[in-house]
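> Encoded as structure tokens, here's the structure I'll be asking about.
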């Protein structure tokens, strides 16, 4: 069962676990392993009731999750279908967390394979070779299988991965981001096989985990795991104007990735048109509802002003609910004290041309 799920009104009477409605559909797809019944609506015989009472989720967790690597992503009920399905199959069908040797596809420190990658300019997905090497500290991709030089080198230190099926238009769509010249670069990929793309995701997390263990030798797993990969805090369309506030507002796709607010002409652009650093309230950053009274040119009426030590950034949302969600996301970032390394990032933003 995924974390954070609704009340488990369903059960696998062959595995002895209680599950939510969403997970019950996945369990039905592996009938050779799991047989599902409604707790309230289906008839139960005495043998099945006795079996469920002897097992239950805690006992099953001890059996099927005894060797989950700390870096392996445990999906929540809000995660996409492929992550939840592969977690269930990994546990019960492939028994990856019972036998450590079954974890090699993502724990070996090296992974090579083909992924469908979206072209930066033409938008077509083409097969590209990807190589992840912990020893080299990088994920590379090659435009041709026999190419000697990679098209791009993504340092594990700056690499992030997040599943984005709706945006990419594929149920197994993965967005990878990395820093190039201190600007964010997006790469969009997918694989036809759900296990393959989830193995890539967890291989990236494993490589990041081992890198962070070296970078922060005194840190424990609980401190490192949240740093492995991160979902974006908020994404969506807003309007923006330029630094002089005299230009017309233009509709752009915005992504809030920790303290970086990036904007793109299209959600699948490889490079951001611009980035805004969001510091903390104690460092004179704050967000205001509304726009200055002199503002003109916005088509959407629900304004947001972000005040930084350098300038004000003006945005407009289509609905009041959109604005409330963006302001809540900004305030979550603003309320966190800045880390020492974030001051270096802030300095770069202040000195950008």
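Every residue gets a Cβ built from N, Cα and C, even glycine.
Heads up, here are the entries from TrEMBL:
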DOMAIN    1-105  domain 'Arf-GAP'
DOMAIN    108-209  domain 'PH'
DOMAIN    231-335  domain 'PH'
> Over the domain 'PH' (108-209), what is the model's average pLDDT?
95
> Tell me the residue counts in helix, strand and coil for the domain 'PH' (108-209), as DSSP assigns them.
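Within the domain 'PH' (108-209) the tally stands at 23 helix, 46 strand, 33 coil.
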